[in-house]
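Here is the structure we will look at, set down as structure tokens.
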Amino acid sequence: MTISSNTPVDVAAPKGKSPARFELTSYLGLIVALAAMIALFSTLSSHFFTYETFVTIANQIPDLVVMSVGMTFVLILAEIDLSVGSVLALAASAVSVVALQWHWSAIPAALAGLALAALAGGLTGMVTVAWRIPSFIVSLGVLEMARGLAYQLTDSRTSYIGSTFDWLANPFAGGISPAFVIAMVVMVVAQLVLRRTVFGRCLIGIGTNETAVRLAGIDPRPYKVIVFALMGALAGLASLFQVSRLEAADPNAGVGIELQVIAAVVIGGTSLMGGRGSVISTFFGVLIISVLAAGLAQIGANEPTKRIITGAVIVVAVVLDTYRSRRGARRD
């Protein structure tokens, strides 16, 4: 498998609106939705619209941001990865073993966790492309394997790591944590890769029309393996953010987070059908999910109510995505 330098310009070009107009429209819609949500919760709770609330949200979302960045790339390829929560737990468990039992310092321990997570993601990609099995099925298998390995590494117990990674969570300028800054850097770099590089245009082309990309002489397989490995590595980075906040590695970490990640990406406008997406829009999707959770908590909503409302938002986002895709198909 080799990555061709040819660019599938003809198949990667968005249909209908130009990419710039489409993204601008998407940004405006998301900003309006976010502003309306903030206004609603500010009305319902006098304690919501405060600097402390927004700093707290900012410091809680870095793991969701970086994982959603990776999932944006995966969904653009018309694939999906359901194993990300388990891969997060596996990476955290590996970091705890390397740091506590092998007595490695923080940076080598972090690199070990990132490498293992990237391997887990790469495994999903390789099995998917080698045997042409739907990534939905493959990632379910990797989900179980990664979770089982996390339990095995930690003996099914939470491992206290201490202050090894505290620097990621300790606030500095304006109360913002380094983890948030790192997440923003990842987001900006990913957006530039997606919009300004041959690699990014090839991803959009593959998701839009994989057959046409193959006929253009480009092999989609290495692109898919790289993106799944990247998704795994970003889940590993998210595990470091969680470990820095909790000062512990929990083999149960990340249960259900894949649903939040997919929801944020879809709310941001990335199509489940592939070929369309924006990392910046995904960030707004993360903000909407996070503000919704914080607002519901502040007004005293119980857990069942939170789940019902969050689920309804996800359903609406999926319906809108399906509507946009079908409308685009009719125009063609």
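Note that the numbers count up from 1, one per residue, in the order the chain is shown.
In case you wondered, yes, glycine gets a Cβ from its N, Cα and C as well.
The transmembrane segment annotation in TrEMBL covers 27-49 (among others).
As annotated by TrEMBL, transmembrane segment applies to 61-78 (among others).
Outside the transmembrane segment (84-102), and at least 6 residues removed from its termini, the chain residues within Cβ reach (under 8 Å) are 63, 67, 70-71, 108-110, 112-114, 116-117, 120-121, 142-147, 149-150, 153-154, 159, 161, 164, 231-232, 235-236, 238-240, 242-243, 248-258, 261. Annotation comment: TrEMBL describes 84-102 (among others) as transmembrane segment.
Sequence annotations record features per position, and here TrEMBL assigns transmembrane segment to 109-133 (among others).
Taking Cβ pairs closer than 8 Å, the transmembrane segment (172-194) reaches residues 52, 55, 58-59, 61-63, 65-66, 69, 72-73, 76, 200, 203-204, 234, 237, 241, 244, 277-280, 282-283 in its own chain, all 6 or more past its ends. What TrEMBL lists as transmembrane segment is 172-194 (among others).
Summarising the annotation, TrEMBL assigns transmembrane segment to 223-241 (among others).
Residues annotated as transmembrane segment in TrEMBL: 279-301 (among others).
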Sequence-remote contacts (6 or more beyond its ends) of the transmembrane segment (279-301), Cβ cut-off under 8 Å?
23, 26-27, 30-31, 33-34, 37-38, 40-41, 44-45, 47-48, 53, 56-57, 60-61, 64-65, 68-69, 71-72, 187, 190-191, 194, 260, 263-270, 309-310, 313
In terms of Cβ proximity under 8 Å, which residues at least six beyond the ends of the transmembrane segment (109-133) contact it?
79, 81, 83, 87-88, 90-92, 94-95, 98-99, 139, 142, 145-146, 164-165, 220-221, 224-233, 235-237, 239-240
